[in-house]
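Here the structure is laid out as structure tokens; the discussion comes afterwards.
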Amino acid sequence: MEKHFRLISVAPLFLFLYLPFAFAGHDYGQALSKSILFFEAQRSGFLPHNQRVTWRANSGLNDGKANGVDLVGGYYDAGDNVKFGLPMAFTITMMSWSIIEYGKQMAASGELSHAMAAVKWGTDYFIKAHPEPYVLYGEVGDGNSDHYCWQRPEDMTTDRRAYKIDTSNPGSDLAGETAAAMAAASIVFRRSNPAYANELLAHAHQLFDFADKYRGKYDSSITVAQKYYRSISGYNDELLWAAAWLYQATNNQYYLNYLGNNGDSMGGTGWGMTEFSWDVKYAGVQTLVAKFLMQGKAGHYAPVFERYQQKAESFMCSCIGKGTRSIQKTPGGLIFRQRWNNMQFVTSASFLATVYSDYLASAGRSIKCASAIVTSSELLSFAKSQVDYILGDNPRATSYMVGYGNNYPRQVHHRASSIVSIKVNPSFVSCRGGYATWFSRKASDPNVLAGAIVGGPDAYDNFADERDNYEQTEPATYNNAPILGILARLNGGHGGYNQLLPVVVPAPTQQKPASHPKVTPAPASNSAPISIEQKMTTSWNAKGKTYYRYSTIVTNKSAKTLTDLRLSISKLYGPIWGLTKSGDSYAFPSWLDSLPAGKSLEFVYIHSASAADVSVSSYTLA
């Protein structure tokens with residue numbers, strides 16, 4: 001991403017303000033396909049055999065080597081060749097959220113496998129970038145040296161040093177967002193690749209622990225990021241965001257407690273937002289927590305979660321122009337927040353409006369804004385208006401998605417697309433030579449960066465298609481990630497949505513049936529190799545009745561790994577957390593598939609009676 005500031009002289013194009021908009025109806029399926037394809041152009045590392053953006057080749061193959069770690073892979077953030085961890089993680093979180101909500105619609109249009117591959121390209125990299133529980137690499141390359149050069153990724157001669165956070169140099173925002181990405185992605189792969197989903201969850205749990213235990217802003221530790229991706233909002237929003245995604249992925253009461261106990265002190269219930277971005281996550285947290293509330297998951301935190309919901313709905317009212325504060329819009333109707341890469345705010349806000357529209361429809365609710373009652377269909381219409389503007393329904397009749405329609409940006413501020421492919425001309429492009437030969441070239445890019453959503457027009461709907469106009473012509477991964485879900489939703493039509501039901505993402509490929517291991521008859525509950533210990537941890541009175549919280553510890557006392565555990569629980573009269581109901585018995589929670597030797601599992605339940613009877617029905621020792 002380019003963030004050097006300069007004044008741009010753009011002659012006001014008043015002529016266009018009086019031309020009819022290009023309302024022709026849009027092919028949302030084609031736009032979805034292209035918007036996913038863009039991520040293949042942003043890939044770093046060894047490109048796979050099924051790479052569809054064929055003008056790209058392998059790059060960054062020594063990333064991490066100087067630091068003694070393999071950091072090959074991941075995504076370049078925008079038009080440069082740096083791998084910035086914070087926006088990359090937000091990109092993966094938002095791609096995953098798009099799939100979680102609208103995976104069925106993506107599958108119907110044949111794009112689910114491509115979308116899942118785009119997520120996995122990011123999570124594979126994050127696994128490498130998190131080699132130890134309290135170590136996370138958050139940047140590869142340096143923005144200053146990178147921006148001094150105009151080279152293809154395949155030709156890079158710039159410094160590829162890696163920068164990390166650890167216990168001495170913390171970064172709660174970076175670790176928190178990466179935890180959110182891993183947790184959200186684990187839901188995406190839960191059905192098609194459960195082992196991979198469990199691996200992602202293990203990293204998510206560790207990263208959240210790291211973020212929460214060792215607090216600090218990441219750009220105070222990785223100072224080279226300050227000029228490009230400074231964490232203005234701090235890290236409280238990322239901690240809540242990560243907790244929300246971990247709860248969504250695991251149903252673990254710990255994370256629900258975290259949201260309930262910290263919502264007020266960390267700003268989740270206090271900040272009424274008009275922005276949602278890679279830096280500021282509050283509106284996203286508030287939307288997710290409102291979903292939990294509408295799903296009936298809030299429990300005794302309902303009063304807190306209602307305050308989150310009030311702020312989520314304040315954001316929606318602002319978007320639609322019926323709140324106490326309205327988001328600024330251009331004369332053509334586009335959300336406008338800033339000159340540089342404004343489109344990032346358009347797609348992210350529109351995504352929240354889209355999912356919240358479906359949450360409202362599922363719950364049979366509407367929003368009471370300051371000046372009017374807003375229905376779910378009005379919210380969806382707003383999101384559609386923003387997407388249609390991006391695709392060409394605007395005063396300039398310009399599509400701000402490269403390769404979509406006939407009139408789209410041709411001089412994109414993007415090193416790889418603006419320089420002839422290394423496969424066409426393998427001659428080395430030098431650092432400064434790239435500026436002289438390719439950057440200053442007043443002609444269309446030799447490679448079409450299909451699907452890329454560029455920075456977009458100014459506050460008056462003006463746009464200059466010039467390569468040096470990075471504020472308007474540079475694309476970014478986090479511009480595209482949120483629009484995947486909206487396009488899938490719009491392409492899917494208007495039937496059969498209940499987004500408050502648990503969404504199971506269809507498997508992109510047929511999975512082999514799991515083999516059934518030999519099941520050992522259950523021993524008595526406290527005999528080796530499995531022990532069960534229960535204790536009451538607290539009690540309280542409510543409406544004349546006493547309630548008790550019981551903690552139960554299940555320990556694998558054998559020398560082998562315990563799998564396929566089934567517990568029988570009788571005399572249980574209240575809610576239980578930390579196990580998964582499986583027929584008439586209970587199994588490991590969704591985030592755990594085995595219990596190593598000597599390790600323990602805790603679950604809790606609440607009711608107004610003495611302890612339940614817990615015993616082992618069956619298990620396997622591997």
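These residue numbers are counts, starting from 1, taken along the chain as shown.
Quick reminder: no glycine exception, Cβ is built from N, Cα and C everywhere.
No curator has checked TrEMBL annotations; they are predicted automatically.
What TrEMBL annotates here:
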- His413: active site (ACT_SITE)
- Asp465: active site (ACT_SITE)
- Glu474: active site (ACT_SITE)
- 530-610: domain 'Carbohydrate binding' (DOMAIN)
- 1-24: signal peptide (SIGNAL)
Structural state census, the domain 'Carbohydrate binding' (530-610) (DSSP three-state): 0 helix, 52 strand, 29 coil
Active-site residues (Asp465, Glu474), the one with most neighbouring Cβ atoms at 10 Å: Glu474
His413 (active site) versus Asp465 (active site) - Cα distance in angstrom: 9
Rounded to the nearest Å - Cα separation of His413 (active site) and Glu474 (active site): 5
Per-residue pLDDT averaged over the domain 'Carbohydrate binding' (530-610), given as an integer: 82
